[in-house]
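Only one structure is covered here, and it is reproduced in the block below.
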Amino acid sequence: MLLVSCLIILLHLQNALSQIIPPNERCVTAVYTAYEYLSFSGQPNKGLWAPRCRNRLHVLSIYAASDLYCSDAEREAGFAQLDDQCRQYAGVDLIPRQEFAPNLTHEAISQMRVVEFGELPKKGPLDTPILISKSYYSRVFRTIDAWQFELWSHYAFGYLGYAYWTVVIAAGALHKLVLHAISVKRAPSLPPFPFLLLIYYWIQTNLIIPAPLASSRRRLLWWTFPGRIHAIVVLLFWILSIVLCLIGYRTFSDNIYWPDISAQLLRYVADRTGILSFANVPLLWLFAGRNNIFIWATGWSYSTFNIFHRHVAWIATLQAVVHTILYTVLFIQSGNAWKKMQKPYLLWGTLAMLAMILVFPFAVDWFRRRTYETFLVLHILFSVVALVGCFYHVIIFEDHEYWFYLWPAVVIWVSDRVLRLIRIVYCNLHVQLGSRSRFQCTECVAAYDKDADIIHLELTPGSGLQPAPGQYYFLYQPFRLTGWESHPFTLGYWSYNDGAPSTQCRSLKRDTTTDVSEIPLLPDTPSSGSDYGSIDTSTDPPERKLALRFWIRPYDGWTRHLRDQCLQSPTRIIQPNILLEGPYGEQCPLWKYESVLLIAGGTGIAAAVPYIQDHILRSSTGQTSTQSIHLVWTARQPALLRDIAGRELKQALSRKDFRVSFYVTSESASQGAIMDGVEFACGRPDLQAIITAHAEEARLGSSSVLVLVCGPSGMAGLARAAVHQAMRWGCRSLRYVEESFDW
């Protein structure tokens, strides 16, 4: 996908450069362009290229003026180019210079009439060769030179955007590499250049970890960013995009195309913004894809690239709007604006611009979170309309040179959809030779817990997936009217069952369920979502089936529909047809840190439990450096705490290296016990105090510490601010990881 897109863009670069007239050809080009404002008698005298190539008076005048104003090298290159264009566009050869040799002597040229620009009307045919004056030639040359510079700058500035994101991605990949190196080589074996480590810690403390502003608030202007580095990357691209639209314009008052400087600026800026908008189209589709290779290369989340996607979309849309407005002004100034606007390619361009604008009202957080299905349909519809409109808008250009910006988007979109389909088949269909049922598909049980307001979803996939912490899947309910929609959920827990899921999702047969912590630890193998390694459970007993568990909070749309389906059952348990797509996500090497603090809010516990599972599994054979884990979990309903603490966390609660702090925010709750020996407190935790104490304890013990947070944005903002403060106070062995999914 990425390789094909890069090849298309490189071909576009080659094609774009071929449109730029080389400097050694511009002298002759300026000469024959100047003669387009004069008319000569004789044949041929119709069209653009035929008179320029075969009208004897016209061609003789071009040769004569070139002898005066061009060097030998410029004449050789320029006339070779003109001859090629005569064959390409007129199907004829340029009249050779030898046929005019007697008329091109110094004496003959000196006797030719010299004219200034605008001195002779174009409609009056001339019956003698004419020389253009030096000022006439200079004026045309400056015009062509300025136009060629503008063409070059339009393309070059578009590629500057690609260069910017290349640097950003490279920095992200380097950061991932440094993180891996630091987690492997701890304090006893620091790198030979400690000042490089100090620079890295300074970047972490001042650029990567903090909130966008000094406070813990995530809003900057009217945008939301998880961290300061996200805001910096986005704002720099905004600045770059604005600057590239404002600089690099060569204007002068004698321009033969647009004598008025304001008209020159209107045309140049209109072209610049249109081309830059097109240049952003491949980035738009690349950053929106689930199967984005840069997610793996950098270790950044899908949410991070989604932030980039939104801002590139904002910029591309504003550039398209400016492009449309400025061309409308140009049409009004030149007259017959309404007639020009009725041309099909302009109507397609206007439609594309309007579709880009209409995407935004339905993509705001408020609308997207409440009516995700509607947002998804409209987002795809308007995006396709915009892309098709862009194709037809530039169909009038030779060689379809601007399609090179659009085809990568098509390739990226198709490739991403094909890879999604492959993942769906892999996750949900499994062929077993020699068994009674050769084809096995995903089986599902969903149960709604009214007290906890949670849907417990357990799926037995049809393939040999290797679950790991940090994974998330997209879920489809294919037999709904909108069955093509998918919704992301973090994998909360996994186990191995004898046969299909129980018909009582929350009362699974305990004698036929094997917790992964009871399975012998196998050698580490890299997982699909991590280069740190994961636990390989692929050799489990063949009679046991993997069961994946998800906790879903019903809101609007599909989750509410699933809850209503459960409520229609007397037992609140159903067996819907649900398909998996995945796994996605990156596993954090939690086992390489001596102390771990897990902070979860509500169903954010799904991000923490798999790491606890993984820790129990690794600690049974000593394949972990983690000595203590502290889980701080806040939920609205005590029932949710009680349910998961009594099942998924039951084994962990009996361990000495694991402790919990449960908080209930419901106003009707009173302090009490979740289960025997496990209590909860009312209200919200003091994350500042908890993180500070944890970091100080780790600093005094010279141990590494990791803080992993998954919860509401307010909770994550407070945790990030507390971690930032601890790092400023000198806790350099502290790492912050935020698990979130924003769509």
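Glycine too: its Cβ is placed from the backbone N, Cα and C atoms.
What Swiss-Prot records for 154-174 (among others) is transmembrane segment, and it gives sequence analysis as the kind of evidence.
Swiss-Prot lists 193-213 (among others) with the feature transmembrane segment.
For 229-249 (among others), the entry in Swiss-Prot reads transmembrane segment. Through the fold, the transmembrane segment (229-249) approaches residues 149-150, 153, 157, 160-161, 164-165, 168, 207-208, 212, 220, 223, 264-265, 268-269, 272-273, 276, 304, 307-308, 311-312, 315, 319, 322 of its own chain, all at least 6 residues removed from its boundaries and within a Cβ separation under 8 Å.
Residues annotated as domain 'Ferric oxidoreductase' in Swiss-Prot, with sequence analysis given as evidence: 273-389.
Summarising the annotation, Swiss-Prot assigns transmembrane segment to 275-295 (among others) and lists sequence analysis as the type of evidence.
The transmembrane segment feature in Swiss-Prot is assigned to 312-332 (among others); the stated evidence is sequence analysis.
Listed in sequence order, ALA270, ASP271, THR273, GLY274, SER277, MET353 are the same-chain residues six or more apart from HIS323 (heme 2 binding site) with CB atoms under 8 A from its CB. Marked as heme 2 binding site by Swiss-Prot on the basis of similarity to another entry: HIS323, HIS393.
Sequence-distant contacts of the transmembrane segment (344-364) (same chain, at least 6 residues past either end, Cβ-Cβ under 8 Å): 310, 313-314, 316-317, 320-321, 323-324, 374-375, 378-379, 382-383, 385-396. For 344-364 (among others), the entry in Swiss-Prot reads transmembrane segment.
Summarising the annotation, Swiss-Prot assigns transmembrane segment to 377-397 (among others).
According to Swiss-Prot, the feature transmembrane segment maps to 402-422 (among others), an assignment based on sequence analysis.
Look at Swiss-Prot and you will find 411-590 tagged as domain 'FAD-binding FR-type'.
What Swiss-Prot records for 503-540 is region 'Disordered'.
The annotation compositional bias 'Polar residues' is assigned in Swiss-Prot to 525-540.
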Residue counts for the domain 'Ferric oxidoreductase' (273-389) under DSSP, helix then strand then coil, are 102 helix, 0 strand, 15 coil
Residues near HIS393 (heme 2 binding site) by Cβ (under 8 Å) yet at least 6 apart in sequence within the same chain, in sequence order, are TYR345, LEU346, TRP348, GLY349, ALA352
